[in-house]
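Colleague: Straight from Swiss-Prot, here's the annotation block:
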type	residues	note
DNA_BIND	66-134	DNA-binding region
COMPBIAS	36-49	compositional bias 'Pro residues'
COMPBIAS	133-147	compositional bias 'Basic residues'
COMPBIAS	148-157	compositional bias 'Basic and acidic residues'
DOMAIN	234-360	domain 'Sox C-terminal'
REGION	17-65	region 'Disordered'
REGION	68-81	region 'Interaction with DNA'
REGION	92-104	region 'Interaction with DNA'
REGION	127-163	region 'Disordered'
REGION	147-208	region 'Important for transcriptional activation'
MOTIF	306-314	motif '9aaTAD'
Amino acid sequence: MHRSSYCREETTLCQGVNSTWVPPADTVPEASLTPHSPPAPDSPAPSPKPGYGYSACEEKPGDPRIRRPMNAFMVWAKDERKRLAQQNPDLHNAVLSKMLGQSWKNLTSAEKRPFVEEAERLRVQHLQDHPNYKYRPRRKKQAKKLKRMDPSHHLRNEGYTGGQPMVNLSHFRELHPLGGSGELESYGLPTPEMSPLDVLEPSEPAFFPPHMREDPDPGLFRTYQHEMDFSQEKTLREISLPYSTSPSHMGSFLRTPTPSAFYYKPHGGSSARTPLGQLSPPPEAPALDAMDHLNHAELWGDFDLNEFDQYLNMSRTQGPGYSFPMSKLGGPRTIPCEENSLISALSDASTAMYYTPCITG
């Protein structure tokens, strides 16, 4: 009776602790009494799990990594680093390395000799232990770092999702020659030194009014590279007038916009076009409307038509005239060279006036 109550009490205590049924002591095998029994020798060893000193990229057991033999500085710094770290526990490892390098440079050859001999002994021993050793540096992390620092790598990773390939920027650095083949042949380089005439068609003149473009022979016009600076009153007194003295022709001539960046030169009736040079910026439109109220008699009073015809005949007998700016016609007529220049300029202006009725009419 007493024994059965003791067994019932022991069973209840065991159930309260482990909540599992415990068999009687005489039926439990002897091996199960030990709390931590070692595994049987037949069972395989448990495989190491990642995160406990092992990784998936661990080197193969048959090919362990062999460390390089230490040189003289490493042999000396092995103990010296420990001593400096104990003396300066707050210093960073990089600062310690700088201090060690400076201290090693300050050593004499006699002080370095024992460490050099020890490094040579370690090298010979390493060569005997690993005759097939080959140094293979680990540069994968450095290569990734350089790749991250590459600006083209950032451009590719900017999240460009437009569906179109990115434009190659290398062709903007290449300078194509003007005379070569390609799209830049007819347009020229996009530089400030480019002339405005480079982007025009060969058949279309530059800065000509619409009525001048209808002229059957635009080769009579030639560019003048310097803008002529003279007043409007002086222009009216120096430019020769057409032979027709009717006021209607005079008014139409005044209203015709004459660009000051051009002067006229005949080419003997040939239809060949003169190549256009570099063009100056177009001048401001002259205020010709302010002269409509002037009397036509005052405008015609300073011109002698007979003298003008005499100069015209002389210029035709002497040959083709030289082009001369109109702003230089105000000098004295006593010098022969200036008189010849004046005759040539008047001849050019009269030839231009022959085409005035066709242009304005």
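Note: Cβ is positioned from N, Cα and C throughout, glycine not excepted.
Give me the structural setting of these features: burial, nearby parts and distances.
Modeller: Across the DNA-binding region (66-134), mean pLDDT in this model comes to 93.
Within its own chain, the region 'Interaction with DNA' (68-81) is flanked in space by residues 96, 100, 103-104, 107, 112, 115-116, 118-119, 122-123, 125-126, 135, which lie at least six positions past its ends and keep a Cβ under 8 Å from the stretch.
Here the region 'Interaction with DNA' (92-104) has, by DSSP, the following mix of helix, strand and coil residues: 12 helix, 0 strand, 1 coil.
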